[in-house]
Amino acid sequence: MKHIRNFSIIAHIDHGKSTLSDRLIQVCGGLTDREMAAQVLDSMDLERERGITIKAQSVTLDYHAKDGNTYLLNFIDTPGHVDFSYEVSRSLAACEGALLVVDAGQGVEAQTLANCYTALEMNLDVVPVLNKIDLPQAEPDRVAAEIEDIVGIDAMDAVRCSAKTGVGVDLVLEEIIAKIPPPVGDESAPLQALIIDSWFDAYLGVVSLVRIKNGILKKGEKFKVMSTGQNYNADRVGIFTPKEKDKTELRAGEVGYVISGIKEIHGAPVGDTLTHAKHGADKPLPGFKRVKPQVYAGVFPISTDEYESFRDALNKLSLNDASLFFEPETSSALGFGFRIGYLGLLHMEIVQERLEREYNLDLITTAPTVVYEVIMNNGETIYVDNPSGLPALNNIEEIREPIVEANILVPKEYLGNVITLCIEKRGSQTNMVYHGNQVAVTYHLPMAEVVMDFFDRLKSTSRGYASLEYNFIRFDPADMVRLDILINGDRVDALAMIIHRSNIRHRGLALVEKMKELIPRQMFDIAIQAAVGSQIIARSSIKALRKDVTAKCYGGDVSRKKKLLNKQKEGKKRMKQVGNVEVPQEAFLAVLKLND
């Protein structure tokens, strides 16, 4: 066991995690040069297109070190984006150490900090690596000082490498062996294996990635899942090199996969412990903290007959994405669908895109809302994640909105823009620290504002240099109201939103104007109104299309024309009473894009 090293790679977006992992695989001969593709571990098409890592992936490599021994390296490539931080904490639970990769040109960013603190809290050894030293703008000494100053770990003798050109990658491997401790565990103890990740394979059933903490899991043995108490047979065990490679057993300290033909989707939940069916361990391993969804949105299939396949797709996806939450929902405008809870807007986009791609569904999403805490007049507390579930205002004592603590790292010259943006988003500043050229500011902001478009606006006001990391801290009382859209006096439930009272005029007008552009003209007038309770705050009308009924009168008496016009008027009146307005799908999407 002293020749095993388990580590993960953590870094901010675009600091070169995936490229560095490619190099490590190449140096250790995990794949032949012919099989090497850029970003080997980003296996989803979506990951490659966007250039981001979404799912953590694991690889086991053999490394012949300079001290003459052969070491077994298990490493896990992790996502860098704030929405996927739970993936990072899951990966770190399986490791003894982490490589903190920092771009020698960009320096420390907020996400680097957040992931690094997660690693330090889990008592992992953090090894700093300065990447991209081949760039002309690289300043390794300044960045090393910055790491010491902001993160507080010793970085003066940090390894300097360039994952792109391959310079210094062997030094990184030597550093891993020197600085990261071997795993502790007892091979003779009862089996305890932590499930780090699972996914569903159409042929094999559920495939689980496990880290063996104690004991040995042999091929063909019976094991049980501790949370459900179900027993299964380990049909295949093995490691990823990144290709699947079957083995006869997985020993304590190793990371590998188990395939046992589990067909029910939640048979082996992530964070669970496996043990032997007979003479197993008594206690499960401490799992991960369940992440609570921060943002909810209704998602509906465009054609109602896709509902069943939509449900199956969500079940399969939630196995692979442990943070997804969903429950059935119906809407008078959109039919049957699900209310889905996400970790953030990027997560929401990715989930929708994965559903559309991997399961061939056509979906429509309503405007996202955060969870509000509502105190009723009778003293009970309810949590509302859907605008249509908000009780009438006269029954409510107060509404409390979720507040996040946002840590923003920004170069000095853009500080003014960032502060202006935070004030506009109803934020209050709690802290500001200067680190050389960077400033770390801490703001308390309403989550609803952060969720909408804060990240994009932050990037554009700072030319992409500011970086953001946030977490939920508390609920605060706020003057929130529900804005309804009425079309010819009928509320459209899918367009309702909960917003702050200071924004209603501006938001209501913008929405009404947008709807006016998108709803096609009918044979009768359509009134579009924005209302809060019974008070109408904005209105716009779509004029009726009309046929020129007097065209066939040549000259003649005016009373003849009047008669025809009046007859038309009567018809329009009747039509308006019975006619209903189809709201096109673009209109629902427009609500999401209102701020663009």
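Cβ coordinates are placed from backbone N, Cα and C, and glycine is handled just like the others.
Database features, via Swiss-Prot:
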| type | residues | note |
| --- | --- | --- |
| DOMAIN | 2-184 | domain 'tr-type G' |
| BINDING | ASP14, HIS15, GLY16, LYS17, SER18, THR19, ASN131, LYS132, ILE133, ASP134 | GTP binding site |
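Shown here: features listed in Swiss-Prot, placed on the structure.
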residue : record           : Cβ neighbours (10 Å)
ASP14   : GTP binding site : 15
GLY16   : GTP binding site : 23
SER18   : GTP binding site : 25
ASN131  : GTP binding site : 30
ILE133  : GTP binding site : 21
| task | Quick one: average pLDDT across the domain 'tr-type G' (2-184), no decimals. | result | 74
| note | Per DSSP (helix/strand/coil reduction), ILE133 (GTP binding site) sits in coil
| request: Let me know the largest Cα to Cα distance in Å among the GTP-binding residues ASP14, HIS15, GLY16, LYS17, SER18, THR19, ASN131, LYS132, ILE133, ASP134, as an integer. | output: 17
